[in-house]
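Asker: Here you go, one structure.
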């Protein structure tokens, strides 16, 4: 195998860290370029750009995953990282091309999918959740550190240096994959023919979604994920821009905000999540996380002062426990040979939200006329300033962040649905332990795994 040493989780961790560190450096310059390029409808265009990227990722992820099952992970890691980072140098060369390429790069912006497949190749079933947690924590760590570094360098030396540095980090990531990352997919796991055809069912992004209605518990979980992650995806795409130019945060304050909330989120997902799961149970942990998310979104929606954003950020960190708790519930209660199917459904729901959420947020900002004034005015705002609205006499002055209130209503519906998810009466079906010990079941990361068993309930009620 080409690369350094045997394939390991640490190879995956380095690839993820470098990719998202490069993009994190660009947090401050990107907000400036976005407003300069689309001064009239900044939020709307930001939502459309991220929406197109998310939808393309949703459509392409199953195909890239299926192809990586045939051709190996390394080549597709190289492909996804290269095209995901390709727009970075265009930020200073041509902003219009930069945003166009960002939208189109969604076709290959599925590095996480390939990384999770890479990790699944080299870990046993009982190790996998820990390994995935390490990868996710690395992603969070890269976003905790890089925006602050980028903001400082941008303030001291200008945006051009930050773009050059981010491009260098991206090239370093590509070089690391080429030279250091060994292939994880064993030869015996690949089809006999190197160019084996891929079936449409493997590449169909809606295949996993069509299986949702086959089990009532899975249906409830997927609806909960959709209604709670839709506003989260939209918030992630626009919130830093909102802080920067509507609330009046400086670039350094935005970077500090990201760092503080990121650190609190890591603590919540590692320390607090474990304590809550042991003390109040899986379902109650999910309900608590959704409650924190409702409070956080409502606070963002009505908040107009910087201190309110900081307070809501602490609540946002606690709301980050929701999805890990949902994943744990599914992982504990699904048969080993159904893990790929159920997790694939949830991943598909999240991918769909990554496309719909940003577009929804941008459209709601546009409907409520939340627009931006000139960047120069934003720079001169004091910390105690009122929200920087283009039309302060309309309803926007009463509700600074309308999309966040829409998001709070969506999560409230998600909470009501989650109340009906059973917890204590879920268990693995008989015979599952035999399946678990079978070595052939170790590669359950593919969403198509166990599709032939699709007519059986994916999560079984032991009381029946």
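Backbone N, Cα and C atoms are what each Cβ position is placed from, and that goes for glycine too.
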Asker: Examine the ranges 308-330, 377-399 and name the one recorded by TrEMBL as transmembrane segment.
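Answerer: That would be 308-330, the stretch labelled transmembrane segment in TrEMBL.
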Asker: Near the transmembrane segment (218-242), which same-chain residues lie under 8 Å Cβ to Cβ, leaving out any that are not at least 6 residues past its ends?
Answerer: 27, 31, 34-35, 42-43, 46-47, 50-51, 54, 211-212, 254, 258, 286, 290, 293, 297, 300, 322-323, 326, 329-330, 342, 345-346, 349-350, 352-354, 356-362, 365, 401, 403-404, 406-408, 410-411, 413-414, 417-418, 420-421, 458-459
Asker: What residues in the same chain, six or more past the boundaries of the transmembrane segment (404-421), come closer than 8 Å to it by Cβ-Cβ distance?
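Answerer: Residues 217, 220-221, 223-224, 226-228, 230-232, 234-235, 283, 286-287, 290-291, 293-294, 297-298, 300-302, 329, 360-361, 364 contact the transmembrane segment (404-421) from elsewhere in the chain.
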Asker: Are there residues at least 6 beyond the ends of the transmembrane segment (76-91) whose Cβ is under 8 Å from a Cβ of it, and what are they?
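Answerer: For the transmembrane segment (76-91), the sequence-distant neighbours (Cβ-Cβ under 8 Å, at least 6 residues beyond its ends) are 15, 19, 22-23, 26, 29-30, 33, 64, 67-68, 97-99, 101-102, 105, 107-111, 114-115, 118, 159, 163, 166-167, 170, 173-174, 177-178, 181.
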Asker: Do at least three CB pairs under 8 A connect the transmembrane segment (308-330) and the transmembrane segment (254-277), leaving out pairs fewer than 6 apart in sequence?
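Answerer: Yes; at least 3 Cβ pairs under 8 Å.
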Asker: If you count Cβ pairs under 8 Å, which stretch among 12-31, 97-119, 131-154, 284-302, 308-330 touches the transmembrane segment (43-64) the most?
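Answerer: Looking at each of 12-31, 97-119, 131-154, 284-302, 308-330 in turn, the most contacts to the transmembrane segment (43-64) are made by 97-119.
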Asker: Which one, 12-31, 97-119, 160-181, 284-302, 308-330, has the most C-beta pairs under 8 Å toward the transmembrane segment (131-154)?
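Answerer: Ranked by Cβ pairs under 8 Å, first place goes to 12-31.
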Asker: By a Cβ-Cβ criterion of under 8 Å, what residues six or more beyond either terminus of the transmembrane segment (284-302) are in contact with it?
Answerer: 224, 228, 231-232, 235, 239, 273, 276-277, 308-309, 311-312, 315-316, 318-322, 325-326, 329, 399-405, 407-408, 411-412, 414-415, 418-419, 421
